[in-house]
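Student: After the structure tokens below, expect a handful of questions from me.
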Amino acid sequence: MDFVLGGVAACGACFFTNPLEVVKTRMQLQGELKSRGTYQVYYRNVFHAFYTIGKVDGLAGLQKGLVAGLVYQFSMNGVRLGSYAIIESLGYIHTDGRVSASKSTVSGAVAGVVGAVMGSPIYLVKTHLQSQSTSTIAVGHQYKHRGMMHALLAIHKQHGITGLWRGSSAAIPRVSVGSAAQLSTFSASKELVSDLQVFPDGSWLVALSAGMISSVVVVMAMTPFDVVSTRLYNQPVDNLGKTLKKEGMTGLYKGLGASYFRIGPHTIISLLFWNELRNLYQSYR
């Protein structure tokens with residue numbers, strides 16, 4: 001049940017944040033392996049990207065890859081959050097009744113690795129679908145997938161079963177670092193907010209506040225890995241060294257604003273839903 005609750009919570013967040021994921025993907029692919037000032041800028045910032053995609057691709061363009069996104073969230077975060085919930089319930093993240101920073105970080109990272117491996121093929125397809133655009137605003141390599149199943153079959157036919165896990169070498173550190181930062185910070189922040197007694201015991205505002213703190217930490221920790229991961233999944237020509245050499249350190253934080261607008265709300269909403277669903281389930285057991 002812990003896996004189902006984690007997956008449902010992540011899917012609930014995905015409905016709200018998928019347009020932000022489309023914007024983030026486009027901004028991270030823009031100017032791939034090119035120095036600043038040497039490429040066409042189609043998306044100047046998050047808000048301009050929203051406007052441009054909506055105007056050229058239509059409102060449906062902002063929800064590209066939604067089905068793949070929902071499947072990915074349910075599979076990856078179902079496993080990740082479910083695994084962490086089990087580890088937490090067994091008391092492994094605590095020392096003397098308090099959340100241990102080291103234990104919760106390791107537990108979050110381990111849960112993230114398992115989730116990343118499980119969800120990698122769907123993340124690959126999601127990235128392909130969300131990068132597809134009208135030629136006038138296209139960035140990155142453009143695929144011709146007609147949907148999630150068509151993409152999975154096309155990739156399998158061309159590259160075999162291992163081709164579905166292309167880019168997982170970047171996804172594993174991306175999700176493990178993000179998961180470690182997110183879940184350890186969430187557990188510690190929830191405990192801190194409860195200790196401060198700012199809100200009544202058991203209030204949903206405790207989880208909301210903890211999620212907001214966690215969102216800032218996870219974006220700063222995860223964005224460089226997210227940029228590399230997006231590029232590896234979309235086109236097999238990138239690695240960390242090339243990005244640093246061609247674009248400098250700022251290249252690893254390309255689309256940082258878009259990353260926060262996507263990862264921040266998704267972290268807050270998914271952790272809030274996850275916490276409340278777990279509380280609801282416990283009350284009915």
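Here the Cβ of each residue, glycine as well, is placed from N, Cα and C on the backbone.
Okay, these came from TrEMBL:
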- 1-90: repeat 'Solcar' (REPEAT)
- 99-192: repeat 'Solcar' (REPEAT)
- 202-280: repeat 'Solcar' (REPEAT)
Student: In the repeat 'Solcar' (1-90), how many residues does DSSP put in helix, strand and coil?
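Tutor: Computed counts for the repeat 'Solcar' (1-90) are 69 helix, 0 strand, 21 coil.
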Student: How many helix, strand and coil residues does the repeat 'Solcar' (99-192) contain under DSSP?
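Tutor: DSSP composition of the repeat 'Solcar' (99-192): 76 helix, 1 strand, 17 coil.
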